[in-house]
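Accompanying notes for the structure given below.
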Amino acid sequence: MEPVDPNLEPWKHPGSQPTTACSNCYCKVCCWHCQLCFLKKGLGISYGKKKRKPRRGPPQGSKDHQTLIPKQPLPQSQRVSAGQEESKKKVESKAKTDRFA
């Protein structure tokens, strides 16, 4: 590498200027597009997948966040529907009649 004169401004250092001239749409010095192309070409808009944020852990103060919920027994239905009893009787009666056939 060539030694750089410390008295030179940074934009005058060798290699700091673009090799090609700036176009009327895109400036290589400032890397900005004109407003028309920015809106027309949709520059700066990406429809790609967004990165998910990592899940946060439990709060620092509590050891287990589920200890606050009191445990209750699950409700059990004691009643048996009449439709089930009738269907059982029909199956039993069919089984008895088929046995003799």
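Glycine is treated like the rest: Cβ placed from N, Cα and C.
Positions annotated as Zn(2+) 2 binding site by Swiss-Prot: C25, C27, C30.
Sequence annotations record features per position, and here Swiss-Prot assigns ubiquitin cross-link to K71 based on sequence analysis.
What Swiss-Prot records for K28 (among others) is N6-acetyllysine.
Positions annotated as N6-acetyllysine by Swiss-Prot: K50 (among others).
According to Swiss-Prot, the feature N6-acetyllysine maps to K51 (among others), an assignment based on sequence analysis. Around K51 (N6-acetyllysine), there are no C-beta neighbours below 8 angstroms that are at least 6 residues distant in the chain.
Residues or ranges marked as asymmetric dimethylarginine by Swiss-Prot: R52. The DSSP secondary structure for R52 (asymmetric dimethylarginine) is coil.
The annotation region 'Disordered' is assigned in Swiss-Prot to 1-20 (among others).
If you look up Swiss-Prot, you'll see 1-48 marked as region 'Transactivation', on the strength of sequence analysis.
Residues annotated as region 'Cysteine-rich' in Swiss-Prot: 22-37.
According to Swiss-Prot, the feature region 'Disordered' maps to 48-101 (among others).
The region 'Interaction with the host capping enzyme RNGTT' annotation in Swiss-Prot covers 49-86 and is backed by sequence analysis.
What Swiss-Prot records for W11 is site 'Essential for Tat translocation through the endosomal membrane', and it gives sequence analysis as the kind of evidence.
Packing around R52 (asymmetric dimethylarginine) is summarised by its Cβ count: 6 other Cβ atoms lie within 10 angstroms of its Cβ, all protein chains included.
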